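What follows is a single structure, written as C-alpha cells, with notes after it.
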C-alpha cells in the first residue's frame with residue numbers, strides 16, 4: 001500500500017531538485033535516486049524482502065531473464081498460442097506453487113475445467129444431448145425423453161449414443177470444443193470483439209443445462225473450489241447469475257435454494273480443507289435488462305443479502321459492456337438501497353471497453369459515484385485521469401484479468417495492457433482470471449504469469465508477487481478480523497513457499 005501524499009511530495013521535490021541543478025552533466029547520484037524512487041512507486045515497490053526472499057528473488061530474476069530472451073515471449077502472443085510455452089516455463093512453475101491469496105473476479109459457469117464437465121457430468125445417468133441447428137449442443141437431465149423446443153427438435157440419451165458409436169473420444173472432444181473458446185487460429189476464428197463475444201456467450205448457454213441441474217450445481221461448485229484450492233488460492237468471490245436450478249422430475253428451485261446450496265458446499269469444503277478461508281457470492285444480472293427489471297433485481301439482491309449475509313457479498317451487472325445499457329441508465333434502481341437505508345455493496349464491471357467517448361465509457365465514473373467496492377476490469381481507466389485519481393483516493397481497486405482482456409480482443413500484446421501503467425504507479429489492483437475454464441487456463445496461475453511477465457518485464461520482482469497476493473485479501477469482502485487472520489495465514493504459507501523454493 002502506498003502513502004499517496006507523502007510519495008507525491010517526495011516525487012515533486014526530487015524532480016525540482018534535479019531540474020534546478022541541471023547543468024548539462026547529470027549527477028549520477030540523482031539519477032540513481034530517481035530510479036529508486038520510481039521503483040518504490042511500483043506495485044510491491046515498498047515491500048522489504050528478507051534475506052531468504054532476496055535469494056529467491058535472485059533465482060526468479062534469472063528465470064525471468066531466460067523467458068524474456070527466448071525466441072517467443074508468451075505475453076506478446078495470443079494466450080491460445082502461448083499456453084504451451086507458459087506451461088513449460090520455470091517462472092510459471094514457481095507461480096503455481098506460490099500462495100496467491102484470493103481470486104476476486106471469477107464467474108460461476110466458467111470456474112471448473114471443461115474436461116471435468118464433459119468426462120464427469122455428461123457421463124452421469126439421465127443426461128440428454130441435442131445437436132442444434134446453430135451447430136452447437138444443448139444438454140439436459142431428465143427422467144424421460146425431454147420435450148422438443150424451438151432450438152432442440154430431438155434429444156438423445158447420451159449413454160445410448162455412446163454405446164452406438166465407436167469413437168467416444170471424438171464425441172467428448174466435440175463437447176469440449178463447444179464449451180471453450182480455444183482454437184488453433186484465434187485471429188481467424190474471432191476477427192472482432194462482437195464475434196468473440198457472441199461465441200463467448202454461446203459457451204455459457206451450452207454449459208447451462210449441465211450446471212443448473214441441482215445435483216451437478218453443488219458438485220460443480222465443490223469441484224470449482226477444489227481446482228482453485230489446488231492452484232494455491234485460499235478464498236474466492238464468485239460472480240453468480242443464480243439461475244433457477246432444476247430437479248430430475250422438472251421441478252425448479254429458486255435463488256434462495258441456490259444461495260443455501262452455496263453456503264452448504266462452502267462449509268463442506270472448508271470442513272475438508274481447514275486452511276481454506278471460504279467463498280462468497282456476488283449476485284449478477286445481464287446488463288441488457290430494462291429499468292423495471294433492474295428495480296426488481298436490486299430488490300431481490302437486498303433480500304438475498306438480508307437472508308444470507310455470510311455468503312452474499314453484493315451485486316453487479318455482466319455481459320458485453322459495449323452492447324449493454326450503461327450504469328447511469330440504472331440510476332434509479334441502484335439508488336434504492338441507499339434510499340431504504342440498506343447496505344448493498346456494488347462490484348461493477350466498468351471500463352471493459354475501448355470505445356472512448358461513448359455512454360458506456362462513462363461507466364467507470366458512474367461506478368465510483370455509486371460507491372462501488374471494486375471495479376471489474378477497468379481497462380479504460382488510464383484514459384480517464386480524473387476518475388483514476390478518484391479511484392486511488394477512494395482506494396477502489398481494479399480487478400485486472402489479463403487473459404480475458406486479450407481473448408476478448410481489448411488488447412493483443414499484454415505488454416501494452418493499461419494495467420502496466422497502473423502497476424508502475426502503484427495503483428490499487430488485484431489480478432484475477434474471469435472465466436479460466438472457457439479460456440483453457442488454470443484457476444489463477446496463468447493470469448499471474450501474464451501480468452508478472454507482461455506488465456512489468458524485468459522491473460517486477462518477488463515483492464510484486466507478494467503484494468498482489470496480499471492485495472487480494474486486503475480488497476476482499478471478508479470482515480476485518482477474518483481478513484487479518486487470512487493475511488496472517490497467507491504470510492505463513494508465503495514463508496513456507498520461499499523456504500521450499502530455495503531447497
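Every residue, even glycine, has its Cβ placed from backbone N, Cα and C.
Summarising the annotation, Swiss-Prot assigns signal peptide to 1-24. Under the heading Zn(2+) binding site, Swiss-Prot lists 105, 107, 349, 434. Residues or ranges marked as substrate binding site by Swiss-Prot on the basis of similarity to another entry: 108, 197, 198, 199, 200, 201, 202, 203, 204, 286, 319, 435. The annotation N-linked glycosylation site is assigned in Swiss-Prot to 120, 167, 178, 290, 371. The disulfide bond feature in Swiss-Prot is assigned to 130-152. Positions annotated as active site, proton donor by Swiss-Prot, on the basis of similarity to another entry: 352. Feature annotation from Swiss-Prot assigns active site, proton acceptor to 377; the stated evidence is similarity to another entry.
Cα-Cα distances to residue 352 (active site, proton donor) place 377 within 10 Å, out of the recorded positions 178, 377, 434.
The Cβ of residue 200 (substrate binding site) has 181, 408, 435, 438 as same-chain neighbours under 8 Å, each 6 or more residues away in sequence.
Taking all protein chains in view, 20 other C-beta atoms sit within 10 angstroms of the C-beta of residue 152 (disulfide bond). The Cβ of residue 434 (Zn(2+) binding site) has 28 neighbouring Cβ atoms from other residues within 10 Å, across all protein chains displayed. Cα proximity to residue 349 (Zn(2+) binding site) (within 10 Å) is found for none of the recorded positions 152, 178, 290, 371. Distances between the Cα of residue 198 (substrate binding site) and those of the recorded positions 120, 152, 371, 377, 434 are shortest for 434. Annotation note: residue 319 (substrate binding site) sits in a coil segment as assigned by DSSP.
The DSSP secondary structure for residue 200 (substrate binding site) is helix. Long-range Cβ neighbours of the residue listed as 'active site, proton acceptor' (same chain, at least 6 residues apart, Cβ-Cβ under 8 Å): 105, 349, 350, 351, 352, 398, 399, 400, 401, 404, 405. Fewest Cβ neighbours within 10 Å among the recorded positions 167, 202, 290: that distinction goes to 167. Among the recorded positions 130, 152, 434, the residue whose Cα lies closest in space to that of residue 108 (substrate binding site) is 434.
Look at residue 349 (Zn(2+) binding site): DSSP puts it in a strand. Considering other CB atoms within 10 Å as the measure, the emptiest surroundings among the binding-site residues 105, 107 are those of 107. Cβ atoms within 8 Å of the centroid of the Cβ atoms of 105, 107, 349, 434 (the Zn(2+) site) belong to the same-chain residues 106, 239, 318, 376, 377, 399, 401, 404, 432, 435, site residues excluded.
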